[in-house]
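The structure appears right after this line, and notes come after that.
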Amino acid sequence: METGSDGKIKMPRVAKVKNKMPAPVQITAEQLLREAKERELELVPPPPKQKISDPDELAAYRMRKRKAFEDNIRKNRSVMSNWIKYAQWEESQKELQRARSVWERALDVDHRNITVWLKYAEMEMRCRQVNHARNIWDRAAMVLPRANQFWYKYTYMEEMLGNIAGARQVFERWMEWEPEEQAWHSYINFELRYKELDRARTIYERYILANMLICAFLCQICISLDCCPLVLVHPEVKNWIKYARFEEKNGYINSARSIYERGIEFFGEDNISEQLLAAFAKFEESQREHDRARVVYKYALDHLPKDQCEEIYKHYTIHEKKFGSRAAIEDVIVSKRRVKYEEEVNANPMNYDAWFDYLRLLESDGNLEQVRDTYERAIANVPPSQIKRHWRRYIYLWINYALYEELEAKDPDRPREVYKACLEIIPHRKFTFAKIWLMLAQFEIRQKNLQGARKVLGTAIGKCPKSKIFRGYIDLELQLREFDRCRLLYQKFLEFGPENCTTWMKYAELETILGDFERARAILELAINQTRLDMPEVLWKAFIDFEVDQGEYDKARNLYRRLLQRTQHVKVWISFAKFELTVPEEGALDKARAVYRSGNNKLKTSQDKEERLVLLEAWQALEEAAGDETSAQEVERQMPQKVKKRRKIQTEDGMDAGWEEYFDYIFPDEESAKPNLKLLALAKKWKEVKEKEEDTEEMDDDAEAGDSNKDKETTEENLDADYSQDEDSSDEQSS
């Protein structure tokens with residue numbers, strides 16, 4: 001409270017309370033969003049297209065664009081998208097100096113923006129300015145050495161240019177910054193691509209040594225700060241394992257063993273790793289050093305915590321099953337099953353299901369030599385007959401054998417021998433199994449032996465061609481983008497089975513994808529001219545769709561006409577009319593009507609009247625959808641009348657079996673139908689008169705009623721007889 005000059009106390013002004021009642025008209029957030037969306041959807045007329053015709057207009061256009069870009073940059077210099085668009089536009093105008101100037105100005109604004117550096121260098125690479133690109137990568141790596149994108153792209157560019165020494169120098173500069181794990185592996189893979197094993201080994205040593213030094217440095221810091229060493233980020237185990245496997249792969253067994261030992265020594269007993277010990281034991285097992293592997297497993301079980309010993313114990317059990325005393329224990333457990341399977345296969349060697357179960361049991365046991373011996377015993381039981389269905393289960397023994405050698409035994413040569421032995425046993429003159437040929441080819445591809453795969457498939461086609469082999473070979477060449485080979489294979493495939501419509505369509509589809517439309521058209525033309533086809537309607541449809549897709553409506557129309565010369569099926573007429581209706585030309589509706597008229601005239605001579613009725617119904621639906629009253633009445637006048645008739649039934653011996661009723665359609669334009677229509681009109685008139693007489697007269701007694709009914713039945717029978725005679729006479733006239 002304040003005191004005025006006259007000594008009075010002034011009270012503070014009280015703020016007015018706002019009206020907190022809800023407004024009479026409420027506006028929700030949903031309404032606001034809807035209105036905003038509707039305003040965004042208002043169509044704005046596109047700006048007129050500008051066509052530049054002389055250098056002055058081009059200069060003016062460039063000036064306007066540059067002024068617009070400069071204005072955008074002047075409004076907000078920190079928005080890098082404006083700079084990028086400006087520089088890319090200058091690049092599109094082939095003004096490289098100006099584009100470089102824009103990029104440099106952008107880097108002056110924000111030199112730590114990775115996107116700007118990347119797009120700047122990519123522009124120089126696109127324009128084949130290699131030295132400029134190197135200069136930019138060097139500057140970027142110097143300013144932002146921790147941005148891995150620059151180093152990856154820089155090394156990739158040097159490698160693509162063939163400057164291996166330069167790429168190695170860039171990697172060395174990168175490794176000085178001790179980057180993340182992937183960078184070291186990229187350097188190692190780079191050296192391995194050029195068979196530099198010693199350099200790769202040196203990089204592994206530097207990488208692991210760098211991790212060891214970092215870890216030791218962090219340990220010293222933790223000790224000095226009296227903090228817990230468990231929070232340290234130790235070098236990962238997988239790096240030691242990768243290094244050891246690298247040495248093992250290249251045949252340096254002692255070096256690989258020393259690496260495992262160094263890794264165990266580095267981690268010590270406190271931070272011992274389960275994965276490292278398991279990998280070490282498997283390495284010794286692969287080298288057939290079973291005593292060493294047993295020592296490693298025991299060391300792991302003694303020093304690892306109990307909750308981490310599950311995998312070690314599992315591997316140790318498998319090892320002992322294979323090479324130790326525990327194998328005898330496991331043999332006792334499964335001995336009953338083994339004896340049972342042995343009895344079954346000895347009693348019936350052709351019981352291939354028993355062989356499958358027996359082999360599955362042995363594979364779970366893990367005895368490689370025993371599994372191989374059992375497979376050899378199983379495949380020795382060749383089916384005696386040369387019927388393919390007797391060989392189907394037997395062939396899967398060979399397939400499982402080859403897959404076991406490839407996946408479990410990891411032997412790259414034995415699967416090939418298994419497949420070849422299987423192919424020698426199969427009687428290819430009687431039948432063959434395309435699955436075996438394709439699996440052998442796929443195995444050769446997995447072994448990176450492309451020529452061997454092609455040789456296998458070529459032999460299969462020459463010795464026992466099958467559609468499945470052709471398709472597999474074509475799919476292989478398509479994946480390799482060998483389109484000339486695909487063409488040759490399709491030609492061989494069509495020589496083998498020219499009646500296969502799917503092959504013709506796939507061949508034409510390939511040529512269409514390659515952009516050779518004339519060749520595709522010629523292929524489809526050859527296809528429809530074949531004397532035998534399994535699905536000619538599908539082939540004609542594919543040819544017509546091809547011409548429609550290419551916009552060749554006249555050619556599609558000619559195809560329809562050629563098809564109608566071969567068949568007068570109602571579906572062809574309806575499809576032709578619908579095609580005419582969809583063609584974006586003037587008078588499409590009139591052309592569709594003309595097709596319907598032609599089809600109606602052609603089907604007049606057809607014995608199947610239902611086809612003509614289907615055509616007229618399709619025409620009527622068209623007129624109801626797009627026609628007028630006159631055209632609709634024209635179709636309505638041609639619609640037939642549905643009539644119930646009777647005809648005699650005869651058995652296979654020629655004896656009469658009675659009469660049957662059926663429905664017939666009588667069209668107005670049929671001359672033979674006029675007597676029938678006249679007779680039907682008289683019958684209808686007689687029926688109406690009879691109904692009136694029955695309403696007016698009264699029945700006196702039952703006898704008179706019976707007499708009248710009898711007279712009525714007699715009259716109806718006479719009319720039916722006359723009607724059937726008229727029908728027979730009309731049928732004779734039409735025939």
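Placed from the backbone N, Cα and C atoms, the Cβ positions cover glycine too.
Predicted, not measured: the structure shown is a model, and the values here were computed from it.
What TrEMBL lists as compositional bias 'Basic residues' is 10-19.
Taken from TrEMBL, the feature compositional bias 'Acidic residues' applies to 694-705 (among others).
Annotation comment: TrEMBL describes 716-735 (among others) as compositional bias 'Acidic residues'.
For the domain 'Pre-mRNA-splicing factor Syf1-like N-terminal HAT-repeats' (68-209), the DSSP counts in helix, strand and coil order read 113 helix, 0 strand, 29 coil. Summarising the annotation, TrEMBL assigns domain 'Pre-mRNA-splicing factor Syf1-like N-terminal HAT-repeats' to 68-209.
According to TrEMBL, the feature domain 'Pre-mRNA-splicing factor Syf1/CRNKL1-like C-terminal HAT-repeats' maps to 413-561.
Per TrEMBL, region 'Disordered' is recorded for 1-20 (among others).
What TrEMBL records for 688-735 (among others) is region 'Disordered'.
Each residue in the domain 'Pre-mRNA-splicing factor Syf1/CRNKL1-like C-terminal HAT-repeats' (413-561) has a pLDDT score, and their mean in this model is 86. In the domain 'Pre-mRNA-splicing factor Syf1/CRNKL1-like C-terminal HAT-repeats' (413-561), the DSSP tally of helix, strand and coil residues is 114 helix, 0 strand, 35 coil.
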